[in-house]
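For reference, the structure discussed in these notes is given below.
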Amino acid sequence: MKTLLLSLVVVTIVCLDLGYTRTCLISPSSTPQTCPNGQDICFRKAQCDNFCHSRGPVIEQGCVATCPQFRSNYRSLLCCRTDNCNH
């Protein structure tokens with residue numbers, strides 16, 4: 001009986017873990033959002049445009065399947081794999 005109960009507990013834990021999804025910040029002032037399936041990387045990039053010197057960089061945050069490539073107009077780029085790590 002104990003073996004059956006232990007087996008059920010293990011199966012339940014494994015099944016719950018398979019359904020886990022990442023949560024990331026979508027904007028600097030937002031609450032965390034659940035990422036779509038397959039997008040388990042949080043990112044945050046600060047990008048400069050023509051108005052960067054007067055108002056600062058444009059911040060973009062969210063969920064991605066792969067980390068974006070760093071570009072010359074990025075001030076910074078962060079990719080991470082833990083919940084809400086892109087603050």
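Placement of Cβ uses the backbone N, Cα and C atoms for every residue, glycine included.
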Partner cysteine of C42 (disulphide bond, per Swiss-Prot) from C15, C24, C67
C24
Choose one of C79, C80: the cysteine that Swiss-Prot connects to C67 by a disulfide bond.
C79
By Cα geometry, the one of the disulfide-bonded residues (C24, C48, C79, C80) nearest C35 (disulfide bond) is C24
List of residues, in chain order, with Cβ under 8 A from that of C67 (disulfide bond) and at least 6 apart:
I41, F43, L77, C79
Give me the CA-CA distance between C24 (disulfide bond) and C80 (disulfide bond), in Å, as a whole number.
10
Which disulfide-bonded residues (C48, C52, C63, C80, C85) fall within 10 Å of C42 (disulfide bond) by Cα distance?
C63, C80, C85
Across all chains shown, how many C-beta atoms besides its own are within 10 angstroms of the C-beta of C24 (disulfide bond)?
26
